Each structure stands twice: as C-alpha cells, then as structure tokens.
Amino acid sequence: LRIRKTRPQLKSASPTSFRLTEKFILLLVFSAFITLCFGAIFFLPDSSKLLSGVFFHSSAVETNTRTGTDSDSNVAVGTEEKILTKIRKDHEKALVEAKDTLQKRPDEIKQDIQDEKDKMMTFAWDSYKRYAWGSNELRPVSKQGHSSNLFGEYLSPGATIVDALDTLYIMEMFEDFDMATEWVEKNLDFNVNAEVSVFEVNIRFVGGLLSAYYLSGKEVFRRKAIELGEKLLPAFKTPTGIPWALLNLKSGIGRNWPWASGGSSILAEYGTLHLEFMHLSKLSGNPAFAEKVMNIRKVLNRLDKPQGLYPNYLNPNSGQWGQHHVSVGGLGDSFYEYLLKAWLMSDKTDEEGKKLYYEALQAIETSLIRKSSGGLTYIAEWKGGLLEHKMGHLTCFAGGMIALGADGAPEDKTGHQMEQASEIARTCHESYARTTLKLGPEAFRFDGGVEAIATRQNEKYFILRPEVIETYMYMWRFTHDPKYREWGWEAVQALEKHCRVEGGYSGVRDVYASSPNHDDVQQSFYLAETLKYLYLLFSDDDHLPLEHWVFNTEAHPLPVIRKEMTDKPSQLE
C-alpha cells in the first residue's frame, strides 16, 4: 500500500476549480492595461490604421513597424504597435503559464478528493461504531442500530462490520480494521437458528471474509468463510440443484420467497454464487463448492431461452422457467456480471463463461437496449414479449460491466461495446442531473414524454446505491476521460449536502423534493461499495489493478485464480 501525502481539503471546490495565483492577478492587470490602451488609441492619430493592425494584422502597419519609417504618423503608429505587441506577448505568456498551472491542478484536486473520501469513510464508520456497533446497520437520524429483515434474518448482527472490512484495509484504516477483525473472531457465529438469504449472506459475508483474507492474510477470515460456505451447501438440496433463496442455518431447510413467481428461484440470486464458491473450493480443497455452481450452468444450458434471454424466475423443482420477465436490473443483474467475471477470474480459461456472457449481451442489445428520442441509450425490461421502457438504478452497473468485457469482445466489437458503455454511463448521469438533489432515483422512465426521470412516487427514493459510481470507476480506468471524475465529484457533493446527517449518512425518500426527507438507514453497502468505488475512482490504476483483481457484486475484491496460484493470500497492489 502506498502512503498518501496529506493535503488541505477542498470542501466545496469542483474538479475544475482553482485558486487565484499571482499569475492570474498579473493577468488581470494586463487585461486592464489593454483596455486602457484600446481606449486611448481612439484619440491618437491614424487610430483606424492602428486598430486594423491590432485586429487584422495589416501588412502596411507591420511593414511600418519593422522598417521604422520617418513619417510622423508612421512613427506614432509604430510606437503604439510595439507597446501593444509587447502587451499581447506578455498576455499570451501569462495565459500559457496559467494553462500549465491548471494542468497540474487535477492531481492536486484528485488528492484533495481522495482525502475527502477518507473523511467520508471515517465519518460513516465512526458513526456506526458510536451508535450501532454490532448491529447489522445504522440508523443515522435516530442514532441507533438497525436490523433489517429485507434479506431475511442475518446470522448474527454485524453486517456492516464484515461488509466494510476490505474498505477499511484498502483505505489504510488499520486500527479500525483490527477492531473489526477482533469482533469477527469473537462474535461472528453461524451456529444459530436463523433463516437467511443465501444470496445476501454469500455476497456480503462470504465475499467480505474472502476479500479480507486475501488482503490481510489473517487466517480467521479464511476459516470463517469456509465455515459459512459449508453452512450454505444444504440450500442446493433441490431436485435440480438450483438453490433455495432462503435457508435455516440450523435445520438446513430451505424455501423460496413467497412472492416469487410460482415458488421460483431468482436468476440474480442463484446466478451470483460462482465467484465466491470457486474461491471456497480453492481455499478449502473441497470441490463441492465448485461443483454446485457449475451444475447451475448445466441446468441453464438445457433450457430454451426466449430470444436468447434469461427469464428472472426458474422453478428449482421442475427446472422450468417461471414468469417470462427479463431484467438487467433487479432480479437479473448480477447473473450477467458473474458470467463475465467468472471468465476473468479464471485467468480467462473459463471459455464456457465467456461464451455465455457474450451471447447474453448480444441478446440484451438486440431485445432490450434502446435509444430515446433525446439520444439517451437505456436498457429496458422485457415482460412476456413487451418492453417496459424503464431503467433501474441497479441497471446502471451495466455500463461498467460492458466496459470491463469490451476488450474480450468477439468480432472486433471492442469499440462498439465501449461506446455502449459510455452511452449508458451518460444516461445514468442524466438520471442524477435531472433531479433536484442531484442524486439518482431508484428507477427512471422513457415514456409519456419524459426521459431519465422517475414518474412514480415509489421509484423516487435513493438509498445510497453504488451502481452509478461503479460505472464511473470502470469508465475512468479504461478511458481516463476526466468527465467521470467530475461526475464522481458531483455525487460526492450531493451525498455530503443531502445525505450526511449528524449520525452518519442516510438515504432520501424523494430526490425531486426541494429538501431531503431522510429514510434513516445507512446501508452496509454504502461502506462496502459506494465509498470504495469513489475512493478507487480517484486512485491510481495500479491500486487494485483490474488485471489482478475481480470485484464481486458487493465490491469485495477477489484475486484472479492463476494456474500456479496457491492458497496463500495475495498482496494488495
């Protein structure tokens, strides 16, 4: 890890702002002097010729200036032209020097913003420690712990602690990391009679523990990750091997969400286990983890895909699709992400994962990607053959995903996919820019004369989600276009202005309201994902380089599994 130099904070500056320097003061003096001279020459002889020489570089004036003719009028013109020429040269020199200064500022501003990220993470973490230590999440307005039942009951409280482990380490908050490590060792217990979401426990707990192990080398994280992984294996005891969504850790009895179509399992849940389970097999020597997730592919390969698309619902008993609803946002999103990342994490040896990803992306482009009349590219949802022209905040991860996979695209489609990624990033930025609070809604629509705007009240909330920042980070890494850092800084300003409260960071209920109405929840993924991606957006490319690390869908970095890789932890690069 590099030791960062501290710099004064730029609390309210934008990435293009700068301080007035002596050079700019000198420039102002020169500009005033020019104005005075221009006013004066109207009263000088042959002022029309002089003006012609200044604005149009008249050859007669230039000749007189060079040859120094003896006529009174030409002497006057030549003298004034020399003065103005010197002023112009000095003016141009000052502009060049100012430009050089501005070219140096982005690095300084980047460091100032980097320090701001540190401050944001410190504030979020310290608030959690102070008001909610040991709870799953924090209620920053009421200043107390929060145990959400949105994902089922967690094992034991402490989701924020496990989710934030790698962020603490990456940001060099080592004392806090050690405190969190001690809590994990003493308090993280899986021998409980609790029903949990297999998906959420996998991406947050298993992913967080694996990442903490690979970054720090602390054995407790490897041991806890494997122990938890073994507790999740009974979820796969179905006729097809497609796992249940919910699992009681003590009894091993599973079931699906009661609201899911016909008792189905959900694509984004059973399809988002691959990365973590492959690493569990690698670290434990137990092939069962890898076998379980590879069997999911076998089931999917046997099924017909409507227009090449994967419906969000699959019955684990019959092995047949449920309702034909397709989304690259909620219920579908990370399935596609994990197809690509399985290939990348395998050191590009998982050819099946690669094939499945690019085929799915082609089907998405053909059937779901559309462009609005205003020129915004978006990814619609597909329901029984009909398009719903809605794009969710969750879908905004796709810009980063497409950019990440563009280099391996078939048939020289790299440029095309990078353009797609850029357009999706722009659309998602617009969804932020078109709100009052400059924060993105949960979903936005492209119908009824509106574009990139939420039209339903239950879609106007913002819960500190990371997907847009995630795409900015990937787009910056692959293009170095400064607009992505500028957009990231806009998000920082909005978060600080509207989401920061006395006891932490809170989501808001309506991003179009004139002032924020806070939902009183600091999500664990805010520390795991949003703040980590903001930090990396303003870091050098060799900090967690993408050729060596793959991020799970909760932004927990896992190392690429090389052929020669042992189970020893990787060094943070």
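Including glycine, each Cβ sits where the backbone N, Cα and C put it.
Note that the structure is a prediction, hence the values are computed from the model and not measured.
These features come from TrEMBL:
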- Glu200: active site, proton donor (ACT_SITE)
- Asp333: active site (ACT_SITE)
- Glu442: active site, proton donor (ACT_SITE)
- Glu467: active site (ACT_SITE)
- Thr553: Ca(2+) binding site (BINDING)
- Cys396-Cys428: disulfide bond (DISULFID)
- 24-44: transmembrane segment (TRANSMEM)
Request  = Measure from the Cα of Cys428 (disulfide bond) to the Cα of every one of the recorded positions Glu200, Asp333, Thr553, then give the nearest.
outcome  = Asp333
Task = Measuring CA to CA, name the entry from the recorded positions Asp333, Cys396, Glu442, Thr553 that ends up nearest Glu200 (active site, proton donor).
result = Thr553
Message = Neighbour count first, Cβ atoms within 10 Å, every protein chain included; then name which of Glu200, Glu467 tops the list of active-site residues.
response = Glu467
Request  = Using all protein chains shown, find which of the active-site residues Asp333, Glu442 scores highest when you count other CB atoms within 10 A of its CB.
outcome  = Asp333
Query = Can you tell me how far the Cα of Glu467 (active site) sits from the Cα of Cys396 (disulfide bond), in Å?
reply = 6
Task = For the residue listed as 'Ca(2+) binding site', write down the residues of its own chain that are at least 6 apart in sequence and whose Cβ falls under 8 Å from its Cβ; none is a fine answer.
result = Ile203, Gly207, Thr272, Asp333, Ser334, Glu337, Tyr338
Ask   = In sequence order, which same-chain residues at least six apart have a C-beta under 8 angstroms from Cys396 (disulfide bond)?
value = Ile424, Cys428, Ser431, Gly440, Glu467, Val468, Glu470, Thr471
